[in-house]
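TrEMBL annotations:
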SIGNAL    B:1-23  signal peptide
TRANSMEM  B:361-381  transmembrane segment
TRANSMEM  B:393-414  transmembrane segment
DOMAIN    B:419-624  domain 'Cytochrome c assembly protein'
TRANSMEM  B:420-438  transmembrane segment
TRANSMEM  B:447-466  transmembrane segment
TRANSMEM  B:486-515  transmembrane segment
TRANSMEM  B:535-557  transmembrane segment
TRANSMEM  B:572-589  transmembrane segment
TRANSMEM  B:596-616  transmembrane segment
TRANSMEM  B:636-655  transmembrane segment
Amino acid sequence: MKAVRSIGTRLVAFFSSLSLAGVLLCLLALLTFLGTLEQAEFGLYEVQRKYFESLFLLHDAGPVTIPLPGGALVMGLLFVNLLVGGVARLRRGLGTAGVLTAHLGMLIMLVAGFVKYATGVEGHVTLYEGDERNWFQSYTETELAIVELRPNGAPTQEWTVADDELRGAGPGAEVALSGLPFGLEVTHWFENANALPKGPMFDVDVPVVAGLFLQGRPKAAQAERNAAGGYVVVTGPDGIRRTGMLWAFDSAPWTVQVGERTFALDVRRERYPMPFDVRLDDFKKEDHPGTSMPAWFSSDVTVTDRMSGDDVSRPVLISMNEPLREEGLVLYQASWGPSNARPGDPLFSTLAVVRNPADQWPFYSCVVIAAGLLFHFGRKLKLHVRRELAK
Amino acid sequence: MGRLSTLVLTLALLVVAAAPLRAQQPATNPHGAAPHGLLTPAPEFLPAPWSDAATDGLGALPIQEGGRVKPLSTFAGFTLLRLTGRRSVVLDDGTKLGPDAFMMEALVRPEVAASMPLFLVAEGAAIDAIGLDSTIKKRRARWSFSELQPAVPKLFELAHEWSRIEPAERTAVQQQTVRLAEAVHQFLDIGGFLDFGRVDLPVARTGRLAELLGTDTGRVRYSQLAAAGTRIGELYRELAADQDPLAREELRAIDGLLRLAAELGRAANGLALIPPAGTADDAPTWRNPGEVLSAALDGEPVAPYEIEALRGFEALARAMDDGAAIAAVATLDASTRAAARARGEGLKNDLERSYYAAKPLTWSVMAFVLAFVFAAITWLRPRAKLPYRICSVLSWTGLAFLIGAIVVRCIIRGRPPVSTLYETVLFVTATGVLLGLVTELIDRRRIAVSASAALGFVGLFLAGGYEKLDAKDTMPELVAVLDTNFWLATHVTTITIGYAAGMLAALLGSIYVVLRLFRQRSSSPETFKSLTRMVYGTICFGVICSLVGTILGGLWANDSWGRFWGWDPKENGALLICLAMTAILHGRMSGHLKELGICVAAAFGGTVVAFSWWGVNLLGVGLHSYGFTSGVSKALWIYYGLQWTVCALGGVVWLRAKMQARVRREVAAQVAAAKDSPAAA
């Protein structure tokens, strides 16, 4: 029993130690530094996964490979260290009240970060004036979508498969989707590909569809630029196999007739539903006079609540630094385009959409940390000045 | 550099536009046209300089550039910085021309400006590359347009070719050539601006156009054409619809006239000096003379003061003496400046002119340099009180000038103190100096005041260097996402104070290390202890500002981009500062860092601040890549090198202290052993 207590005490002492805090802070600084430098070559998306969302990683420093703990591990340990050493075991008193408060603020911040990471969803909805949507789409994640097309605007049925499930697909990779009236096989899948015309002077080891074939490419530094694609084989009840080539940057989906029904197969950015509709009524953009530097852009939108059943609509202005917070989602004025539009050309507005339950937690944490540090260091300064003046 | 593709056309236009000028020398100039122009032969003797009344009046005229209305003198100042690398031109006889006088010459007597040593060429090889002999001057010298003129076609040809290479991949010669071509292009733009006012346009003596213009002299001025522009436009459209051969003939003549006028107007498209008719909200974009004529021909509203302004420019272009120039500037003042005021624009222009004329930053840097000299005297004569007092007074004076400059800039732009990279340097310097001086008030050991003086002059020296390097308006309009006074006042100000604290702590830490290198700690333990306390206090202050500033930045990002934290390089830089400072505080608490350790860590922290402040912008990735930073990297690496050297010296001090302690222990042990030995007994 004593031995157990001793191990427990040692563990608590280890996890609450100031030395561990110092080591973890230095490790996090190292990871942040390396992750910043690496962005120039590998882009934010890859770097974020490798350095900040991982448990372990191997950093290539020229000819040497250095094993390092990942950002998730370091921040997790920092959380424990802060909780045990910085809050639970901290000596109570006026001298440590400020530090304790600041540590609590940091804990709120780390929890907010974890909640955002674990449950948050990010994407965007891009609208021309008059367009209306009740979904937003991811910047980076891709999905394979099968949509049944029905005449006269009748509700359609939709099946989707996330690209995580399609990575490494090869001939014979059956996709099982309940209710799909045909067999679906993904024979090839590329996380980034280019569609090229097949010339007579070379052979390719993938099917050629309408004179084109998909050529796999290394993943782009900016994940938004990856154009996933693949080949699918649709086998109808009649046993006929039809091969289609799907590509994220294709302007139109591949439509296939199965019996009397028509289906569109498409590779697109992953879509998430919104509990309300957003219609862009007016997009305003002003440049600083005589320049092409944007001074202001904003979107007049109409938000229609479809969930309540009575379809209540209300106008909302979304502008720079003034987002719309609605039913757990936040919509921001993020961008506009096309960038090469001439005066008078129709413009689209891109609203970033985020679902983040911890949206405002960092603000609370900021107030708590500032209060704690100001109290602590203010008190120390006061004591120091008093001592100096007394000399 | 896309503009370079139009340079050949510009040159051709200049030749066309200036051709009549050669024939219009004063003696044979029956129409009163100006004898000035870029292609006019330079006078053998320099004409009398313009009076201050004329140049001041010109400099006070408003111009819209980069999206904001500012005094022409501000535009002239930054143009000079781009061309000559300083805010003045020094002629061969030693005469110094300020921005206003330079602008007057360049606009009115470009043939005189062409002989001024304007173009700073840092790489003499660029001169050789365009076919001139660089050996006739120093390697880094200023060349005049007249000297460069024979090689201008070659210069533009090479620049056009090399501008296709990414700036980072250009050689020094290529980069210099491209820059020189840009500078020459800009000079040509300014020199050709008033060409529209120098030339009388040919017009038929009879016909409906002559009738409409009310002239039978066969000549018409640009302003007359613009004044009748609306009716000319109507006549043009009427004739265009008429199939009568005589009408077609007249249409052709009008068409030719308007084409020539349009070419002259296009040459004047560089400077938007004329506020348009209407309010600032309805018609925010100012016009150049070409646009005034186009608007009139298209039937758009043109205010009478716009025509009056054109007359003023014509009078200026033809000004032969100072009196005529003053009268022309007065006409322009009464038209453009008055109209701008009526529109509620350029209301702070006088203050802006006073700011640049008063040169508060120059006075500030001089005060800091002198303060540092007296600080050095206090080190040599530690007991003398006078040098210390003078040092303190001068430091506070320098700070007052600096704070005054920052306040005036805030008033001019109606913005918080920091909104550009340049302003971060001013603000960091001011905050660092203030922190140092307050520290000195608490702990009078003459160290913090010395550090303040050093920080003051180095900071302002770097600010001046960056201003020269960038050579763009340091009070520009901001992109939409930055244009929010609330976040500029909170996040940017707080994080910048954090930078200042980090830099001051690094400086104080470095002073500690250097002092320890030459003096034993035991010689004055209280001084070293006190210095460490200063470093610690500054870091405490810095950690509050950095941490709160970083979180505020996250909140801003959350409101504008939809995420609190995105591991963007600039965000990471701010986090690095927080982590470094927090690690130092925890290291101190845990006992791993003592006096020397804290100071060495603070010195290293300076490189973390510098990386966050400037270094991440050099990476060229992320959402915060707002600033122009090429050329900064050299200064940055020098700073990194200095601080790392200090850290290495800290290592030397540590090793030396270890060895000395060991020796002391051994000696003590020997002494003890000797005392205990029977022989001693």
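Even glycines carry a Cβ here, placed using N, Cα and C.
Keep in mind that what you see is a predicted model, and the values were worked out from it rather than measured.
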With a Cβ cut-off under 8 Å, give me the same-chain residues at least six positions beyond the ends of the transmembrane segment (B:486-515) that come close to it. 415-419, 424, 427-432, 435-436, 447-448, 450-451, 454-455, 527-528, 531-532, 534-535, 538-539, 541-543, 545-550, 552-553, 555-556, 574, 577, 581, 595-596, 598-610, 612-613, 642-643, 646-647, 649-650, 653
Most Cβ pairs under 8 Å to the transmembrane segment (B:361-381), of B:447-466, B:596-616, B:636-655, goes to B:447-466
Model confidence over the domain 'Cytochrome c assembly protein' (B:419-624) (mean pLDDT, whole number): 89
Cβ under 8 Å to the transmembrane segment (B:636-655), counting only same-chain residues 6 or more beyond its ends: which ones? 506, 509-510, 513-514, 516-517, 596, 599-600, 603-604, 606-607, 610, 614-615, 618
Which bits of the chain, at least 6 residues beyond where the transmembrane segment (B:393-414) starts or stops, bring a Cβ under 8 A of a Cβ in it? 348, 351-352, 355, 360-361, 363-368, 370-371, 374, 423, 426-427, 429-430, 433-434, 437, 449, 452-453, 456-457, 460, 475, 485
